[in-house]
Each structure stands twice: as C-alpha cells, then as structure tokens.
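> This structure is in structure tokens; I'll ask about it shortly.
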Amino acid sequence: MAGYPTNGSVYVSNLPLGTDENMLADYFGTIGLLKRDKRTGTPKVWLYRDKETDEPKGDATVTYEDPHAALAAVEWFNNKDFHGNTIGVFMAESKNKNAGDAVEFVEFDGGAEETNGGAGRGRGQADSSAKPWQQDGDWMCPNTSCTNVNFAFRGVCNRCGTARPAGASGGSMGAGRGRGRGGGADGGAPGKQPSGAPTGLFGPNDWACPMCGNVNWAKRLKCNICNTNKPGQNEGGVRGGRGGGYKELDEQELEETKRRRREAEEDDGEMYDEFGNLKKKYRVKTNQADTRPAVAAGRAGWEVEELGIDKDGRERSRDRQRDRGRDHHYDKDRRRSRSRERERGKERDYDYDHDRDRDRDYGRERGSRYRN
C-alpha cells in the first residue's frame, strides 16, 4: 500500500485521553495540507466516540489533500510518541473498491504486522504497489510532492534534488505478506521500524509556512506545498526600482551614485533626480535662461524669471502706448490739413466770384461810354 495510495486518509490508533480534533490537526498538519470540510471549513479529522458515553474511543481518521502526504504521514508518524502514547498510523482502506469516498478505517490487531509483512501462511506474494525492479536499500523521496523511488546508492533524489533522509530505506516497499517471493527486509520483524530511522520528524531550524501552515525542513527556501517564500527570504532584495521592482543597492553604491550626481550638477549647473535624469522644471528654466541676458547675481531662478516676465510686459505696454500716441497725432494732423484745404477752397471761390463781378461791371461801363 505504500507506493501509490488510492486515498488521502490515514487511520490513527492508541490515542491518549483528552485528545481532540485540534490537537490532531496541528500534529498531522505539519507534514501536509489537511483536507477541509466544504460546509464548516474545518480540517477533516474524525474522532471515533462511544455511542453511549460520547467519550473518544482512542482512534481517529485524518484526511489529506494529497494522497502522497498521507503516505508520508504513515512513514513518519507510525509508532511515534503522541502526548505520552505510542500511536499507530496506517493507510485507510476502502470497504468497497467501487464505493468512491466510502472508506472503512480498519483497526489492526497485530500492530504493524499487516503493514510491514509478518510471517503468514502460504507462499505469499509481493505487494501489488511495489516495483518489480526495486531492491533492498532503495529509498523513497521524502518530498510529498515527489515521492520518487531512488536507487540505494543515490544521496539525493534524481527528480527533485531532495537530500536522502538519515536511515531511509525502501525495504518495506517490497515486503510480502507471508513467506515467498517479495519478502523484504522488514518481513521477519513485525511492528518494528528500520534501525536507522530518525528519532524526530523536524529539527529546531525547520520553519512553518505562513500561508498554509506546512512545516518545511530548514534547507527549503520555499514551501513544498504552496511555494511561499521562507520568512525573511525574498528573491531580489528590497523593492527599490522605479516601477516597484527589486533593486539591490548597498551603501557603497548609494554613496557613489550621490557623488556622481553632485559632480554632474557642479559641471553643468543643473539639477538631477535620484535616477540621474534632469529635473523637468530646471530643464525648462535653463532653456528660458539661454534666450535672456544674465541678471544680477544673488537672485533665485524663479525670481529672475518673474522679473523678466514683468519687464517684458512693461516694455510691451510702453510700445502700445507709443503707438497709440502716434496714431492720435496722425489723426489730428490729418483733420487739420483737411480743414485748411476746405478754407483755401472757399477763398479761391470767393476770389473767383469777386473777379468775375468786377469784370462784369467793367464791361458795362465801357458799353455805356461808347453809346454816349
């Protein structure tokens, strides 16, 4: 049953008095993500209780999201101390293979004989989940998302690179039930773990994932369940980039950047931002200053700009007033010339009429003289 589990449920026996669902969820949740009830949202942990007294009977079932996590729980938690009692942890078996989720959790009378392969009657047969090419000493990767079976000579998993745990052995994976082919290294020692098994599951430097609560080994920089970064670790340092991205800058580099910025400002007299770009307002004022003569020192740039604007405005107003004065004098002179021309015309008409009358009188006098 250890190679490819069909479900993610494990059966736990010999629990001490006072055990509740939260204690089991905290303990078994350290190796994998527990499945949650869709209605209540709580981890799927079931304590068997007496029908009459409603007291816990000392056994329970725990369901994982990943069946391989359940397999790892059997490997790590079986025959371990839990609040003073040595508990038994076994894979759950379906009562009916076609019944879907209907699972019967079987209590084993002989401790771990049924799982580890005790001396049975008959020829026996190798576990159906065991690989035919497996040999004594082969070991399974402890990474619950990998569970690759590696040859005995490998020190790390050839699929995910996880280090081989101390005392890991795959002998139980080839164990048969009874005598016969497939009898593994643990076949004659029912209820016992390999001699080199680690005494504890996690060390003091192992860390719990802040997202899913999974406990990871100290060497991991990411959670092996949800890929969340280890607390205190990030991929690129401080987000100091212009777009909020990662940008690693040490103190020496910052000082060098400031020094170069000061040198650039002293060379061309312009202001730069922290990224080395010319500031916009100083860029505009520099262009305006190029088109105007220099102003007396000691005034700020904006004061120079405002004075220049006021000066130009006053000059324009003077020009407009001067133009208006010229137009006024021109109109006045034109009106005067017109009045003079009219007066001269009147004088000419008067002189012409006077001369004509005088000639007429002279003609009359001559005519009367000749008649007499």
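Including glycine, each Cβ sits where the backbone N, Cα and C put it.
From Swiss-Prot, here are the annotated features:
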| type | residues | note |
| --- | --- | --- |
| COILED | 245-272 | coiled coil |
| COMPBIAS | 168-190 | compositional bias 'Gly residues' |
| COMPBIAS | 234-244 | compositional bias 'Gly residues' |
| COMPBIAS | 245-264 | compositional bias 'Basic and acidic residues' |
| COMPBIAS | 308-372 | compositional bias 'Basic and acidic residues' |
| DOMAIN | 8-94 | domain 'RRM' |
| REGION | 111-136 | region 'Disordered' |
| REGION | 166-199 | region 'Disordered' |
| REGION | 229-272 | region 'Disordered' |
| REGION | 285-372 | region 'Disordered' |
| ZN_FING | 135-166 | zinc finger |
| ZN_FING | 203-232 | zinc finger |
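Map these features onto the structure and tell me what's around them.
Look at the zinc finger (203-232): DSSP puts its residues at 0 helix, 6 strand, 24 coil.
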> With DSSP helix as H/G/I and strand as E/B, how many residues of the domain 'RRM' (8-94) fall in helix, strand and coil?
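With helix first, then strand, then coil, the domain 'RRM' (8-94) has 19 helix, 34 strand, 34 coil.
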